[in-house]
Amino acid sequence: MVEKTSKPSAKTEVAPPVKIIELGAAVSVKELADSLETNPVEVIKALMRKGIMANINQVIDFDIAKGVIEAAGFEAKLKILKKSAAKKASPAKEKLSNFPLRPPVVTIMGHVDHGKTRLLDAIRSTNVMEKEVGGITQHIGAYQVEIKGHKITFLDTPGHEAFTAMRARGAQATDITILVVAADDGVMPQTLEALDHAKAAGVPIILAINKMDKPEANPDRVKQQLAEVGLVVEEWGGDTLAIPTSARENKGINELLEAVLLIAELEDLRADPNQPASGVVIEAEMDKTKGPMATVLVQSGTLKLGDTVVAGNTWGRVKAMFNDVGKRIKKAEPSTPVALLGMESVPQVGDKIIAVATEKQARDMVNENSQSTRKTNAVSLTNVYDQVSQGNIKELNIILKTDVQGSLEPIKDSLEKLSTDKIKININRSGAGNVTESDVMLAMASGGLIIGFSTGIETNAQRLADAEDIDIRHYDIIYKLIEDVDKALQGLLEPTIKEVIDGRAEVRAVFESTKKLSIAGCMVLEGKLVKNSQVRLLRGGEVIVDAPSNSLRRFKEDVKEVVAGYECGVGLKDFNEFQKSDILEFYHKEKSR
């Protein structure tokens, strides 16, 4: 960074106005470089001249940043940040202003060992309403607490996977996320995953720094680690409330709940209780004695006993409803979680549920839902140009995975520079390592795609991506990666051919046919086997042969297809060396979207 010097001039000229750069009380080196429109290396050099050693993610305070800004010839100004929750009212919110307030819906997320469950138990034990005798005892996946006369609804999801599964199906169930981080362990990879999912949901985040009772607790380290990934607490000039807690000693619980109420007040959460009920399925199961049972979060309207409801591909009449403490109730207002009985079959988590006027209307809606193919809201490189042209999207969300950490920054910077006035490139998550199931779920939830550079993909992740039609691109050359994205934004990228696995089967026995051909006696494990498909035979994880199937039989009868759970005989063209435990993958190729 070159420090500006003044030069004498023969003429008296009016000096141009000095550019003012506004910053919060704390800023990372990269953010400061972006504000100065310079390379982060130049900022690091400027800091070194002041005796400060820093890396690109280092967070520095305003006074230090001010010195760098002024040395570059600009003026620094401290920006007073407003809470992210205090958003401008949209037309929809203005219409809601006449309706009553509803309880906030909160999800607690974080690393599995950071005390998330114990924190939930502490909240529940000190604030939950007393259970009634004679109700149900099933855990319904949500509960309400009351503090200072105000209710708060907590979704007790097993992890951010369930949270994201709901969003992937178009259901936004949460108003506020509490991110739990242990004060002794600090930020862990699962913490960052949870943070990515919370950010993608676009809801306010409250930081609970838990395990403050531990001797090695270091809350400042937690704040520093989170600041490096863009989550800055209020006391450092950010907009995130940070609450120290100890679930073990029951400390900080009320302060945490008060923080939730503060955010809820700023969000001005309202709903119309008088319209037909609508909500989302947050848990569902087949109860052995009661039949299909669904836990529903009512989001608007009032769900009543006897209502006819539709949820995805099933419907029913509400025969019984139980609240979170097992009490039978006759109605449920907005933000109330209830377990209901009366569905024809078990709905899926994330299904939207709505009350309708008649049974005929319910059946018609189910038929319509069943006939339409469920698709995710994800885009692909092939169709992104059309999506932008049609006004469907204004942002391209990308999950970026590379082989090593050093490859991330140059690829991220190059991709972000491809943003135009019509579409913005967002890197929702970046990291080193294989593409995981969590990456695919984030792509599902954000309507995005995945780009891998010199890295692989986990088997479960590939299966989920195939099932949900998520575009995963693999590259070994950075130039080709950037070129493809650039072409995609201009509508110039040619469609790619991808493999779609239709079904998998395991060889359980081997038979010799009359024509001296080997037939594999198989059990179909998943999907379906289709006659004349291309088949890949795997043995110990290695591909032994890739050949078309020329025989598919059940009980000596030729069949066109065999679905999961059934046995069959399979023959492959010019192949007779089947062995027990071989895996057969039936697949076809198609152009990507």
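Residue numbers in this text run from 1 along the chain shown.
Even glycines carry a Cβ here, placed using N, Cα and C.
What you are looking at is a predicted structure, and each value in this text was computed from that prediction instead of being measured.
Over in Swiss-Prot, the protein carries these features:
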DOMAIN    101-270  domain 'tr-type G'
REGION    110-117  region 'G1'
BINDING   110-117, 156-160, 210-213  GTP binding site
REGION    135-139  region 'G2'
REGION    156-159  region 'G3'
REGION    210-213  region 'G4'
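Applying DSSP to the region 'G4' (210-213) sorts its residues as follows: 0 helix, 1 strand, 3 coil. For the binding-site residues GLY110, LYS116, the ranking by surrounding Cβ atoms (within 10 Å, all protein chains) places GLY110 first. Other C-beta atoms found within 10 angstroms of the C-beta of MET212 (GTP binding site) number 20, with every protein chain shown included. Within the same chain, residues at least six positions away from ASP113 (GTP binding site) with a Cβ under 8 Å of its Cβ are ALA182, ASP185. With DSSP classes pooled into helix, strand and coil, the tally for the region 'G1' (110-117) is 2 helix, 1 strand, 5 coil.
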